[in-house]
Amino acid sequence: MNFGRVLTAMVTPFTPEGELNYEEAARLADYLVTHGSDGLVVCGTTGESPTLTWQEEYELFRVVRDAVAGRAKVIAGTGSNSTREAIEATKKAAQLGLDGSLQVVPYYNKPTQAGLYQHFKAIAQASDLPIMLYNIPGRTGVSLQPETVAKLAELETIVAIKEASGIMDAVSEIRRLTPSHFGIYSGDDSLTLPILSLGGSGVVSVASHLVGPQLQELIQSYSRGQHDQALTYHLRLFPLFKALFIETNPVPIKAALEMQGWLVGQVRPPLVPLQGGSLQVLRQVLQEMGLLAEAQGSERRTAKAS
């Protein structure tokens, strides 16, 4: 299974009342697949999965699937710290005809490496849906070790990993221990180029909401052997990469999309909207990069109001 190069970790739009805005989700999904995204990851960290109900997630999977209409991969965030829940959600995503599932390392209960292996193996054996593992120890409290990844990669449906530990030695070891067809995706926009240099496949991106085509150019330049050009793209985009993590993701990206006119709404509690100095820094970076001149979101807002 080839998920592509640029996979957007899609935000979940909410109404002013805090309910899911499925109409805006469909619009955003359509926009993303025509602006550089090979795939969409729905209901991941950026999609605020911890504060969504399963029923909200299932409906969002369906809405995004229909909006994409086969033009890009749709990967469902069906991970959980309950193995049983993760299996049930993954089966549902398969029934909905999605292209893959993102399985986060179980959080809070801190299983051992043996427990992690059994967790992911059980999910893999319960469904034919291709699985992308998701290692993000800064949020989960436990890290999936390269040796465990290599063992899991022997299972037919476990085809890739989103690596968000920020540890390049771990990425190197995963690449060394896994077959070449096993996909390694950067979980941080700013580490896309370094991970490409270690045999990575692409990125699960937040910034691609705003600069999808540029990220495609970065990765394609590297793939063509034009490493200097890839570095130029990386350095040009680097201030945006950092600004989008000035506070907890997805708070900054939702603020940026609202500035562009998208009706994505605020984050759900316990997250709070971007304010004060952070908001000013983000706005300045967007202005300097010409991203507030984008008319797509504002045009939709005007059309909706009329």
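Note that Cβ sites are derived from N, Cα and C of the backbone, with glycine treated the same way.
Annotation source Swiss-Prot lists site 'Part of a proton relay during catalysis' at T45 (among others), citing sequence analysis. Mapped onto three states, the DSSP output places T45 (site 'Part of a proton relay during catalysis') in coil. T45 (site 'Part of a proton relay during catalysis') counts 24 other C-beta atoms within 10 Å of its own C-beta, drawing on all protein chains shown.
Marked as pyruvate binding site by Swiss-Prot: T46, V204.
If you draw a 10 Å sphere around the CB of Y108 (site 'Part of a proton relay during catalysis'), it holds 8 other CB atoms from the protein chains shown. Secondary structure at Y108 (site 'Part of a proton relay during catalysis'), taken from DSSP and collapsed to helix, strand or coil, is coil. Taken from Swiss-Prot, the feature site 'Part of a proton relay during catalysis' covers Y108 (among others), and the record attributes it to sequence analysis.
Counting only residues at least six positions away in the same chain, the Cβ atoms of G44, G79, L102, Q103, V104, V105, I161, K162, A164, G187 sit under 8 Å from the Cβ of Y134 (active site, proton donor/acceptor). Residues annotated as active site, proton donor/acceptor in Swiss-Prot: Y134.
K162 (active site, schiff-base intermediate with substrate) is surrounded by 27 other CB atoms, counting those within 10 A of its CB over all protein chains shown. Annotated active site, schiff-base intermediate with substrate per Swiss-Prot: K162, in sequence order, evidence recorded as sequence analysis.
Between the CA atoms of T46 (pyruvate binding site) and Y108 (site 'Part of a proton relay during catalysis') there is a gap of 19 Å.
With a 10 A radius on its CB, V204 (pyruvate binding site) counts 29 other CB atoms from all the protein chains. On the backbone, the CA of V204 (pyruvate binding site) and the CA of Y108 (site 'Part of a proton relay during catalysis') stand 23 Å apart. Within 10 Å of the C-beta of T46 (pyruvate binding site) there are 23 other C-beta atoms, taking all protein chains into account.
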